[in-house]
Structures are given as structure tokens and as C-alpha cells.
6 protein chains.
Amino acid sequence: MYVCDFIRFIEEFAPKELAIEGDNVGLQVGDNLEKELNRIGIALDPSLHVIKKAKDFEVDVLFTHHPLLKDPIRNFTGVIYKKLKILMEDDIILYSAHTNLDVCKNGLNDALSSLYGLKDVEYLYDNGLGRVGLFEGSFEDFLKITKTFLHKNPVVVKSRDVDENFKLAVLSGYGLSQSAVKYVSEKADVYLSGDLTHHSKILAEELGLVVIDATHYSTEVYGLKKIKDMLIDKLGVEVISLDF
Amino acid sequence: MYVCDFIRFIEEFAPKELAIEGDNVGLQVGDNLEKELNRIGIALDPSLHVIKKAKDFEVDVLFTHHPLLKDPIRNFTGVIYKKLKILMEDDIILYSAHTNLDVCKNGLNDALSSLYGLKDVEYLYDNGLGRVGLFEGSFEDFLKITKTFLHKNPVVVKSRDVDENFKLAVLSGYGLSQSAVKYVSEKADVYLSGDLTHHSKILAEELGLVVIDATHYSTEVYGLKKIKDMLIDKLGVEVISLDF
Amino acid sequence: MYVCDFIRFIEEFAPKELAIEGDNVGLQVGDNLEKELNRIGIALDPSLHVIKKAKDFEVDVLFTHHPLLKDPIRNFTGVIYKKLKILMEDDIILYSAHTNLDVCKNGLNDALSSLYGLKDVEYLYDNGLGRVGLFEGSFEDFLKITKTFLHKNPVVVKSRDVDENFKLAVLSGYGLSQSAVKYVSEKADVYLSGDLTHHSKILAEELGLVVIDATHYSTEVYGLKKIKDMLIDKLGVEVISLDF
Amino acid sequence: MYVCDFIRFIEEFAPKELAIEGDNVGLQVGDNLEKELNRIGIALDPSLHVIKKAKDFEVDVLFTHHPLLKDPIRNFTGVIYKKLKILMEDDIILYSAHTNLDVCKNGLNDALSSLYGLKDVEYLYDNGLGRVGLFEGSFEDFLKITKTFLHKNPVVVKSRDVDENFKLAVLSGYGLSQSAVKYVSEKADVYLSGDLTHHSKILAEELGLVVIDATHYSTEVYGLKKIKDMLIDKLGVEVISLDF
Amino acid sequence: MYVCDFIRFIEEFAPKELAIEGDNVGLQVGDNLEKELNRIGIALDPSLHVIKKAKDFEVDVLFTHHPLLKDPIRNFTGVIYKKLKILMEDDIILYSAHTNLDVCKNGLNDALSSLYGLKDVEYLYDNGLGRVGLFEGSFEDFLKITKTFLHKNPVVVKSRDVDENFKLAVLSGYGLSQSAVKYVSEKADVYLSGDLTHHSKILAEELGLVVIDATHYSTEVYGLKKIKDMLIDKLGVEVISLDF
Amino acid sequence: MYVCDFIRFIEEFAPKELAIEGDNVGLQVGDNLEKELNRIGIALDPSLHVIKKAKDFEVDVLFTHHPLLKDPIRNFTGVIYKKLKILMEDDIILYSAHTNLDVCKNGLNDALSSLYGLKDVEYLYDNGLGRVGLFEGSFEDFLKITKTFLHKNPVVVKSRDVDENFKLAVLSGYGLSQSAVKYVSEKADVYLSGDLTHHSKILAEELGLVVIDATHYSTEVYGLKKIKDMLIDKLGVEVISLDF
Ligand SMILES: [Fe+2]
Ligand SMILES: [Fe+2]
Ligand SMILES: [Fe+2]
Ligand SMILES: [Fe+2]
Ligand SMILES: [Fe+2]
Ligand SMILES: [Fe+2]
């Protein structure tokens, strides 16, 4: 199998057109896509630590959810120099599927939706980010699933009581901006996402939206593990996880 | 004492000119500044909950750190309607001192600087936000102070060892954007602030900056309590805290 | 009848989607749309004077053509404080239909078109603002109608002679910017609107467009009176006019 | 005397640097400034009518207050074609002094200030536009002067009573935008300017500012006549007025 | 024949809608389109030199490829004064067909495509600018045609060998920005256009794109001559070329 | 000598603060500035060809006039991948001094000024770019120097005769935009720079500015050779030129 075969496979699974505008998805670093592919490293972040591990484990392709850079640069020193030097010296191709992997069928948001067994599921946003549907069970049932599969100790902002069988919204990663909390408060009773900050917490309380922060990391890694299993299953190559 | 006397006092203590551009400081809601002032409510946030308490406690002025609105509006319904209705019906003046109170002498950042007994203290940013100086003691000493006075259980991103007597940066509230982490990594060994999120954590690890998130709430309320004491001391009126 | 029924009725008559981009239409101030509706105040402007009368007459809903605010705000003092305080203390719902009411069928522009008995009527602008059609009669006939029904003493910029049976453009309110005069000069012989200013007058003379300023107020109130009659006719509630 | 001498004279009287940003002042049309100057036409507007008269009267220079164009163009047809053709064929130099003539010593605003014999006069705006000072007399005295020297029939928005000896603001031309009314309401009791429109009238009433619209034309032509007299007095050339 | 007939003819041949956004095409200078048309001057540029010749040859219409102005102006002195004065005094209508003439059927780009006998021709850009197709012959054949019909001494940036029967892109005028070179390098082997500058030359070498600069002038005049012949052929009027 | 010593030397000679806004000067690629420096490569452009030569010649630092990137990027493939890979694998530091080297004392513009022995030299632009002064000699003398030292065959746009002892403007690299030609036409009789294109040539003819294009390359390399000699003279390391 060649690198270009892997890329073709990923781009069928999570088409780049699904990414939201301004996102940096696809090939991040690399020139020769015709080289052979024996081992894939998979990670949430292309951090320096992950890239060093990718080198140690001699991966051919490093596949990450978060892109290498959001904001473009034109000078190369410090951390980004170190990252590029390792990737280039060791001929490691870096490829990212970010919001296209959140959005796509069987992607990170669908993974959360399945975890909670949501019924009548719809996109939370028109662009495909997030899911909202009916959770059949009590708030305690919901918390138990969250603690078992996502995070032992989530932050719970419980601004009001929740009846059994409630509307649940989920969004992998960071979905807790103030405008997001306002938007979701009109769509759901309970909202699970990551990276809760002070002002959003206050706003959720005012709006009566119950918010659970199960961390950016955990809400994305849950689905990434499914992706990893799928890659092992479908491609005849080794896949090793580097930060989960 | 009249409301305008209180405002004059605050604006001498925390001049509005110190606020960073675009901030919303000063009179938020109110028209008659000549009314008598017997009781002040003080709070971090002008949340609906706080405003209801302000009404229950019959305060004349509600003095908050965070402003009522950052982004302007032109329609009045929902939560903001409820807030304005209470304030207007009960003649409660809402006044906020935000980044001017962070920046000013004996303000929220100076309070943190004093807490750690920093030496050779300088502004962290040219605009006066944050403080950086020498902490005399070990990292364990630092953590002990943090846990005793700010937050029992802070998040610690310890990307490398810290020698005794280190450069410590502090910034009350939210100081942990990615650009802030990058900026501070060139100014200090350890950085205490609030509202840590995933990408900033990864970046701090890559840059070798030790970051402590003692929460947005706790890093600001610590200094607000000093302000409350000062108000009681200097003005002959009652001051009651409404969310701390 | 409830407030929400009134709103539903208005939004069928003058759908919000017809408003031009950036306009502020719909609910301006109010939270509980389930309250009973016995008396409607109708006005061109939600001025302080009108709002005081709305309170004196104990209206449940104040329905105006001009919105409360065009530019959004984030501090509440002075005139806007006084307006909001009255509306909130007396539970008066403020609702505005602005350019959607200009544009819609049987709205303010159609009222002017009917007044002059225009034939082969078309929208003056693609967005639905204004009307243009054939006026069957002499310029003196036209002036007589104007003086009888709109304004006793209109300003007439008569840059050239007008033959009988001419192309007449009408636009309620303010339609006399320089770019509007230029635009209309290619569509009509005579143009009736409001708020004429110096530079537009000079331009009309240069372009040979005959312009009549029957005032912003009168060109809008003419149609508002029809709306008032229609409301009385269709809804079982009292409707009183507050500034016309 | 040559055209360049005239221009030098005007630019000493009303330096171009005084003009507000974005204004179009100075040479509008013309190339040869070395030609002899025997007759100057002076006008408020370089309208087509004025330019035709300038040709008929064989002026060498047409000196106007309003510029030929505010917004730049790149195609030449219609009215602007006709204007340029006359000016170019007849070698008429068009020169404008706009906001620099409003602002300068003995310019259009100073003329209004002198008319009312204002005391303790200051700039209304920091950029030099408008004047504000003490009017010694009753509101009726003020109206009498206005009607005698500016306009027989000014529009008066009298939102409240005016005591004798009041603060009067004057601004030649158009000074009645809504933001201007708001600004002036904190500086003066009475405000005289031109081009009043509906929303500004309502706002003046709400803010309790007494506004008099003596027309854009009349408030500028009053000072222009003084300028004409001064030109006749100082330069040895004929000066004829073309639109006043 | 009248001027308006000529304009109608041109606008059928090169519809204005084909011009790229922001281009200035169509009537540049002139008001009376009903005047008789006996002689057309045609030129690449409406330069002062060309306009003087247009006057000397007493043309009724000056038809150019480049417009009079790209950026709009509001003051008229120096070169543009001289140009407008001649055109207006001598009643010469100036009309330009710029990118619409590049793009249209049998326009400037099609002329280049035909010159090289390209096969399987497509638009180079989606907006219709440029052409790309198969050149049947050797690079030497290509150079010979170029030197015979366009420019004796073109600049050739030959960054690599070119096989017989290669992909050739052509674009009349200026097509050699750095972004254009990058774009075309993925579409063709060889690229002919005009106005090559240093950075584009370096980039072409790095990307392995063979670039030929046959000058802006020559790549446009080649097609303009065809247009001239076509005008002579189709209209019963004299057409004289003024800068080629 | 270490790399940081070299950088310190250059930044004293051509301080980064002199660069015009938005320029990309200073360290382009590299992290360890403490490594030893034995051989410097100097070039106009960090082209792929130059970087390959830098590797072949085993330089420690590549010092170029043009920066690696003007516009920032966030994906690394193709030519930029190849460039970074070579630089990183071979530990070559890339450092650029661009407009700061044009502007600084004894920089590229001063080199041109000295070449022509200009008298009463001033900056051409306020920001330090270009030089203008008196050339003592005939236009033929000027051309002889140009052909001897800069380019055998410069493009000469001779729109009018030039008297002996004329005002000469020089600007290394690209100085021939249309706005530059207009600006310089009011400052000098003759203008030498590089990268002449069609529209600027026409404009120079209209404005009567004599323009000489001695190429972007040659007008910059002339001064770069002086810089190379100075580096050899002042630093005890080998300096080899890679594209001149
Ligand atoms: Fe994420
Ligand atoms: Fe805060
Ligand atoms: Fe209106
Ligand atoms: Fe004016
Ligand atoms: Fe062209
Ligand atoms: Fe250059």
C-alpha cells in the first residue's frame, strides 16, 4: 500500500469538502505520496511530543485530528522548526482530518451520538457539526455513560432539573463558546462538549441549559479510537496510537 | 453619600482610561446618579442570579467586575429583558470596573502579585494587564499558597522542572489563549491564570511553560474581596457580596 | 386575544423576510408574549413622548413603524433608559414593522400608489421599496391630491415642465439621497418622497427630475392610518394612534 | 493678476490643511494656472446652471464652496460630461474651498458667530467646525436676527423653553445628523444649522435641544457674501455671484 | 451609421457582461451617441499621444482596448485634463472593450489560440481569460511562430526540456503574476504572455514551467489587428490604427 | 565566529527597524544560532537552485536579499517542502535582509547613488527607499555607466530630451509601478530601476519622465557584490556568491 492509497481512503471516508470554511485539512507536510506505507501513527494533536514518538516508532504517515497550523506563518524557528525538521528528515507524511472528521458519517460526532443511543438524531448545526436527539433515560443514566466512557470526573453545570427522556446535544471538542451555549439552549435540554470557560458557565445557568464538560480531549479521543479500529480493520497496515 | 460620590471614588481608584480598548466599563444601567446610596452589592458577574439577589437585598448600587454586555444589542427580550426590568423597576444602578480594575494600583493583578510576595514586579503586558516578578521559594511553596488562597484543586500543566526562586507571571481571569501562552513563555517560568483549554495546554507543554489554572473565578474573586474590604473601610456604607 | 396572536397577524401581513438587510424589525422590547391584549397604541416613532402616552393610555402593545434602535448599544442611561423603564415597568410590549411594512402588499408604499391611482405599477427598487407607475392627469392634478391628502405645503423642485399622464415614483419616508435621485431620474418624471436636503435638490435640478417633498412624516402616516383602520377592522381590540 | 495669485491668496485665507479628512478641496478642474485673471465667478454650488452662467459671464475662475465631486468617477457622460466640456472649452478654472472655508478665521462659521454677536466663542467640534458661545438676548431676539439675515421662515423645533442669555451653537450647511444632535445637546441650549430631517427632529425633542433649520443654503450663503466682499476689497478683479 | 450603432455592434461582439469584476469597460467619455460616425480610430492605449492623433485624424470614435482610467478620480488637472479637453472639444467618443474583448469569441485570446493552431482548446481560467490546448510541433516550431508573428526577440525562461506536442497556455497582455505562474504550472508545459518580472521568472524556474514573454503590447496588438480587419469588413466606415 | 555573531553584525549594518511595514526580514529558517560559522553563501534569491548550491558548497548560513516567503503558509509540500527539507537536513540557517538592506547606509540604494556620483543626494521616499540627486554629465554619460556596470542592454523609455546635469532617481529592484512613475515624475528627470511593464511605460511617456529599466536583478546585484566584499573584509569567514 502507498501513502496516496491511504489518503484516497481517508478522503472517501471524510471528504475534505465537509470541512468548515477556513479549516486546514488534508496534507500538512510531505511531498512524495508514492512512498510505501507500512505503519500509521494516529493522534489527536501533532504536538512535538507526538512527532518525536512518530519518529521513534518509525511511522510512515502521522494521521492527526488537529492540523499542524491554523494560522499561516512565514518564518521557521523554535517549536515549528523542530517539528518540521523531524518530519522532513525522517520522511514522515503528516495528514490531518479535522472538522471533516467531526462531521462525516461515522465520524467523531456520530460516535458520541451512538454512545448515548440517541433517537431522531439531527445535525446540531447546519454545517454538520454536533448532533442532537432524544436520550432515552434519566439524567443519572446519562452521567453514568459519560463517566464510564468519556471522563471519570466531568464538570456538570446543572442549572435546572432534567426530566427523563430529554433532548441531548453533543459536540466533540470545543463547543462551548457563549454564542454556542445560546444557540444550543434553544435546541436541547442538556449539552455535552468540552473546554468550558467562566462566561459560558454563567450564561448556561442564566439560560437554563444543563452543560457537561467531559473535556475537549476525551470527547474527541472517544471517536478517534473507533477510527483507529476502522483503519486497522480496512487497511492491511499497522496503526499505533501516539497520544491516547 | 450619593451614587455619584461612589462613582467618583471608584473612578479615582480605577480610572476608566486604564481599561483596554473595546472594553465596556463604567455606568452600565442607570440614569439618576443623585440618589442616595446606603447599600452596595458587589459581585464578579451581573448574572440574573446576582441581580435577583441585589433586588432582594435592596442594594442601591450593584458594582461588578464583568460588564453587563460586551457586544451591543438593539432588541430586548429573554434574559437581558429580565435583568433590565429588575434593575429599572427597583432603581438599582449597575456600575462595572473591568480591565481598569485588573490593571490599576492595588487592583486584581496587584492582589495576586502581593499574595505571592513577588519581587522586582513588572507589568506582564505593556497595557498593564498581568504581573511578572521573582517568586522566592520552591514550586511546592507556590502550589501551597495557590491551594490555600485561590483554589483547592488547580489544574497544573508541569511541562518541566522548576528551580527554586523562579520567574512567576500572574493574570487574573482569562489569560490562557494560545497567543498569551506563547507570549508569556518568553517572560516567565511559571504562569498562573484561569480558563485553560486544550490547545493552550498542548502549546504550554511544547514551549516548556509551566501553567497553573486556578480558575477564572478564583483568580478574580481573590482581589475582589480586597476591593470589598477597601470599600467598607473607605466609604460609610454597607457592602455585601453577592456571588462570592 | 393574546400578544402573540397580534404578532402572528402582523407577521402574516408584513412578513419580516421582506425587510431590507440590516433593518431592525419585529419584537423590540418584551418577554411575555402570552399576556392578554386589549389595547394597541400605534405610532410612527417610539419617541419618549409616544411611550409616555402609551403608558397614560395603558396600552398593552405599542406598534410603531420606526424601530427603537438602529444602532445597537451596551450602556443604558439617558433617553433610552427612560424609554425602557416605562415599557418594562408598565409591561408594554414594543413591536415594530419598518421596511417590511413599506414593502408589503397594502403597505405604506402601496397606500401612496393607490392614493394617486397609478397604472402599470412596478416596484421602484428590486427589493420592493417604492412604487412607479403612470399617473393619469396633469401635474396640477397631482399637486392637488398631494396637498389634500399628504401635506398642505409640500416643497416642489420643478426643474422642467411635466406633460399630462406622466411617470410618477413614490417612496414613503426618506427616499431622497443623492444616489436615489440619480436612480429615480432614469425611471420616472416626477418623484414624491420625504426629507429633501440641499445637495439632492441641486442634483434633481441638474438631472431634470421633478421632486416633491411631502415630508417623511406625512408620506408614512398616510399609510399608517390605513393600517390602523385595518387593525380595528380585523382584530377585536381597541387601537389608538399616539403621534398622528 | 494671474490665477495662481488668486489661488495663493485663497490658500492663505483658508489653508487646505484645515479641511476635514476625505474632503475634496482646492483645484477641481484646470491645468494652466499661469493664465490671466480678470473676472471671478463665486457660487455655493458648481451646478450645471452655475457653470453655464460662468461661461455666459466669461469668468476666468469659478470659485465655489461645494466641490465638483465628492465621490470619484472613471466614466464621463451625462451631467458631469456637460460640466467638464464647458469648463474645458472655455478655459474656466474651477476651484473650491469647502470645509477649510467653514473652519478658517473669518470663514463661514465665524460669519454666523458674528451675526449673533456670540460671547466666549469656542469651536463646536475639535476639528474647527461650528461655533458655540453665549447669545445675549431672548429667544425672540435670536429668531428676529435669524429671520432678518438668514431665512424668512426657518423651521423651529422648540422642545422646551429657553431662558434669556443662552448657549447657542451654529454650524453652516448640514449639521443635523442624529449623532450631531446628540453631541450638540450636551454643548448648547439652541442649535442653528441646515437640512433638518425627520429622525433628527424627533431626537432633538427627546433630548430637549432647541433646533432651528435656517436651510443649508442660507446658512452658507450668508458667509459667502462676506467672502465675496472681501475678495472685491482685496483683489483688483471683478467678482460676480452666480447662485446668490 | 451612428455612434450608437457602432456601440451596439461591439457589445454584441464582446458583451460587457464578460468583463471581469472591477474592470472599466464600455463608454469612457462622451454624451451624444446619436452623432454620425464616419471614422473610427483604434488603439491599444488611450494615451495622450494616441488622443492627439485621434484629433489630427478627425476620428468620431476612439476605440481602445485599455480603458481611460482604472482607478476613479475627482480632480482634473495635468495629463487627464489634457486628454479630456481634446476629446470634449473635438467631440470624440472614447469607448473601450477590455477584458470582455480578451475573453469573447474571436477576441484577443482566441486570436493567439488560432495563431498556434491549438487543439482541444479550453479556457485557462474559469472566467474565460487565457486559452490552453495542445500545440502540435516542437518547441522550435513554437518559437518560430512567436518570432514571426508576435515579437522578434521574446524573453524565454526555459527551465526544462519540452517534448514535441506539448500543452501550451496563452494569455494576451499581462498574465505573469506569481500566482498566475503557479496556477498555470499545473495546467500547461509552456506559457506565453507578457510583462514578465523578476520574481515570476524565479518561480517559473522553480516550478519547471517554460515561460515566454512576447510583451504585453505584442500579445494584444496581434488580436487587435484582427478586430480592426473585422470592423472594416462588417461596418461601412473607415478604421485607422493609432498605435500599431 | 558563531551564527549569532554574524546576525548581530548584519543587524547593526542594516537594522531590522528600517524595513518597510509588512516586509519579512531577519531569520527565515533555523533554530540553533549558537553553531559555528565558517562559510556564508550570499544570493539575491533563496531559490531552489540557490539552496541546492548552498548545500553542495556546505555553507553554514545562506544570506539572501529576498525573503523565503512574502505571504505566509500553513501546508508544506512541493517547492517549499524541498527547500525546507534541504535547509533543515543540512542545518543551513537562512537569513534575509530585504528592504532594510535597500534603505540602510551603504546599502543597495546608496551603492547605485555612488555609482553615478550623485550630488545633493536625498531619499526618494520618506521611508528611505531610493535616492535622488544631481547627475553631473550628459544622458550619454549616464547610459555608458549603466551599460558598463549594470546591464549591457537596458530598456530606455526616452519620452523627451535630457539636458546635461539632470536630476536622477535610482531605486534598486522593482520601482516601476504606475504610482511610483507618477510620484517620481515630480521629483526627477530620469529614473533608473527594474521590472518595467507596459502600463508604466505608457504613463512615463505621457508624464515626460525618462525611465531606464536596467533589470531588477542587475540593480540589486550591483550593491550585493559590495555587501559581499564588505563581509569578506570585516568577518574572518569565507563568503561565496550563489546566483551572481
Ligand atoms: Fe478539537
Ligand atoms: Fe474576568
Ligand atoms: Fe421612515
Ligand atoms: Fe454645504
Ligand atoms: Fe492589456
Ligand atoms: Fe528585489
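Cβ atoms here come from the backbone N, Cα and C positions, even for glycine.
So that you can see what the record holds, here are the features copied from TrEMBL:
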type	residues	note
BINDING	C:His65, C:His66, C:Asp102, C:His216, C:Glu220	divalent metal cation binding site
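Features as recorded by TrEMBL, highlighted on the structure.
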residue	record	contacts (Cβ under 8 Å, 6+ apart)
C:His65	divalent metal cation binding site	C:Ala43, C:Leu44, C:Asp45, C:Ser96, C:Ala97, C:His98, C:Leu101, C:Leu108, C:Glu220, C:Leu224
C:His66	divalent metal cation binding site	C:Leu44, C:Asp45, C:Pro46, C:Ser96, C:His98
C:Asp102	divalent metal cation binding site	C:Leu108, C:Asn109, C:Gly128, C:Leu129, C:Ser172, C:Gly173
C:His216	divalent metal cation binding site	C:Gly173, C:Tyr174, C:Gly194, C:Asp195
- Hey, for the divalent metal cation site built from C:His65, C:His66, C:Asp102, C:His216, C:Glu220, who else sits with CB inside 8 A of the CB center? C:Leu44, C:His98, C:Leu101, C:Leu108, C:Ser172, C:Gly173, C:Leu224
- Query: Taking DSSP three-state, what's C:Asp102 (divalent metal cation binding site) in: helix, strand or coil?
  - Reply: helix
- Message: So if the criterion is CB under 8 Å to a CB of chain D, which of the binding-site residues C:His65, C:Asp102, C:His216 qualify?
- Response: C:His216
- Task: Let me know how many other Cβ atoms fall within 10 Å of the Cβ of C:Glu220 (divalent metal cation binding site).
- Result: 26
- Intermolecular Cβ proximity, binding-site residues C:His65, C:His66, C:Asp102, C:His216, C:Glu220 versus chain A, under 8 Å: none
- C:Glu220 (divalent metal cation binding site) - helix vs strand vs coil (DSSP): helix
